[in-house]
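Chemist: Take a look at this one; I'll ask things after.
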Amino acid sequence: MGTQLVEVTTANQAYLCLAGFLVFFSAITLVFREKLYLGECVLATAFGIAIGKCPHGAGIFDPRSWGSTNLVTLEVLRVILATGVFAIEIELPRAYMRRRWRSQFFMLVPVMIFGWLISSVLIFALFPKLDFKSSLLISACLTPTDPILSVAITMGKFALNHVPEHIRLLIAGESAANDGMAYPFLTLPLYLIIEHTTGASVRQWFLVGVLYQVILGCVLGAIFGSAFRYLLRFAQERGFINTESFVAQHLALAIFVMGLANLLGCDELLAAFSAGTALSWDGHFKETTESAIFASILDLVLNSAGFIYIGAWIPFQLFNAPELGIVPWRLIVLGISLILVRRIPATIILQPLIPDLHNMREALFVGHFGPMGVGAIYISTLAVTKLPQTESPPANQAQLLASVVQPIVSFVVLVSIIVHGLSIPFFTLGKRVRTFSVTSSRMSRANSNRDPEWLMSTRPASEIKQGLNHTVVSLEQKNADDTQSLATTTFGGARNDSNLENSVHETPARIPTPGVEPPAAAVTRPRPQTPMPSDGMLPKVKFTG
């Protein structure tokens, strides 16, 4: 019996796909990031779709065939989000959330509530089989801004050169916080669907969804973040920790706080956010790890893995399911509508109240760049794990919701990745095309007003005649001036010393240059004149030897 040496397993395929993409992307990363302004998120999603089980994919990487797909998806995306949120908070300036609390409050509360409600209305209008409570739950999945996709706006060459710093910090802080803030928006319709009475649903939502999960999660993260800040400073001052171990806390603390909050049933994303904020409150952790490249490598690996997974996980076969009320044109209308009305109207209306939005242009920019990505997939998967198991066909509204929430959310996420991920490349391309067209039009207008080349070396007859007349007049005037000057000098004309003195005093004064001595005034002395004899004859000149 021969030994089987070649063995193709799901794990081997996953390793090859992830490592192959990282090798390819890392080899030409500057071309994508600094020339085309494309991050790893867009390319990783396209790569995941290509190797997944989409209608024309290779079918070599299928997360839905692994079993317990929702649990695997939940844990993979939870780690990516927790580390991403933690990393963003560390990069913010010291005590940023305290100094900019007003701007963050308006972006996290009124803007999110507006987006949640307007998205619910659109979903309810486009999908008739869903009631309004189900629409609220699906909208809660699409409310938060994705922190991973927002990195393209807050970091990179384009952001540093074209996006003001206060806008970059506003988007970064908001995207890190509102993934965890989506929990209250999710739990309210979830309790309304599961519980039988509205009063019991609201009471459980307030006690569990708000006080326990959100408030306790924030307090838990802040306590552990502050404790680790003092502990790391104590260890560093006494030489107990080196730079490499200090940087390793970036990953260890994020996963520790996430695991503890999840164990206690709190909001793990808000706990990671609060821990990162408290850890970098005085700016010491950021200053210590600023020159390290470990965090950047970690972000690249985790972000690429997450979006490859999402690209291969997207359920393309459910984008056309009339029995569930899902048809392609409804999804397309929903995706485009959410890009336009989910955040932009709210940021424009609230612009006078948000200190970091100085004008309507900045309000429009911040309203547009609210991408939906990993956070939306994570919250929709969390909702599916809380809803009852589905049947075919669904027996009630809860089962219908469990069947449609992931297809609707994943399609909107795909639209957001395309639109927001390609916004900067298209903006840059449009700017270059506009600059080229303006330059070409100016050159065309300049060339249209120019004479033909064969006429450039010729002059009109009138211009030649005018030039000759001017030359003759100038020569005659010059001869007359020379004759008068010669007669005055040679034949004893009276010398006008006052005119000479006036000419000396009327010489324009020089502007003194600092540090340079002004030159001595040069006064032109008159040539001495030979006195004429009384008989009017020229004096005799005696030549010697």
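Residue 1 is the first one shown; counting continues down the chain.
Cβ coordinates come from backbone N, Cα and C, glycine included.
Below are the features I grabbed from TrEMBL:
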- 12-32: transmembrane segment (TRANSMEM)
- 24-427: domain 'Cation/H+ exchanger transmembrane' (DOMAIN)
- 105-127: transmembrane segment (TRANSMEM)
- 206-231: transmembrane segment (TRANSMEM)
- 293-314: transmembrane segment (TRANSMEM)
- 326-342: transmembrane segment (TRANSMEM)
- 363-384: transmembrane segment (TRANSMEM)
- 404-427: transmembrane segment (TRANSMEM)
- 488-545: region 'Disordered' (REGION)
- 488-502: compositional bias 'Polar residues' (COMPBIAS)
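Locate each feature and note its surroundings.
Modeler: Remote same-chain residues near the transmembrane segment (105-127) are listed as 135-136, 138-140, 142-144, 170, 174, 177-178, 181-182, 185, 325-326, 330, 333-334, 337-338, 341-343, 345-347, 350, 353-354, 366, 370, 404, 408 (criterion: CB distance under 8 Å, separation of at least six residues from the stretch ends).
Same-chain neighbours of the transmembrane segment (206-231): 180-181, 183-184, 187-188, 191, 249, 253, 256-257, 260-261, 264-268, 270-282, 284-285, counting only residues six or more beyond its ends whose CB sits under 8 Å from a CB of the stretch.
Beyond its flanks by at least six residues, the transmembrane segment (326-342) meets 115, 118-119, 122-123, 126-127, 142, 318-320, 368, 370, 372, 404, 407-408, 411-412, 414-416, 419 of its own chain at Cβ-Cβ distances under 8 Å.
Counting same-chain residues at least six beyond the ends of the transmembrane segment (363-384), those with a Cβ under 8 angstroms from any Cβ of the stretch are 41, 70, 73-74, 77-78, 80-81, 84, 107, 115, 137-138, 140-142, 144-150, 153, 163, 167, 170-171, 179, 182, 186, 190, 269, 306-307, 310, 313, 338-339, 342-348, 350-351, 354, 357, 402, 405-406, 409-410, 412-413, 416-417, 420-421, 423.
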Chemist: With Cβ-Cβ distances below 8 Å as the criterion, list the same-chain residues six or more beyond the ends of the transmembrane segment (293-314) that contact it, or say none.
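Modeler: Tertiary neighbours of the transmembrane segment (293-314) are 17-18, 21-22, 25-26, 40-41, 44-54, 57, 61-64, 69, 73, 76-77, 79-80, 83-84, 87, 90, 148, 151, 247-248, 250-251, 373-374, 377, 410-411, 413-414, 417.
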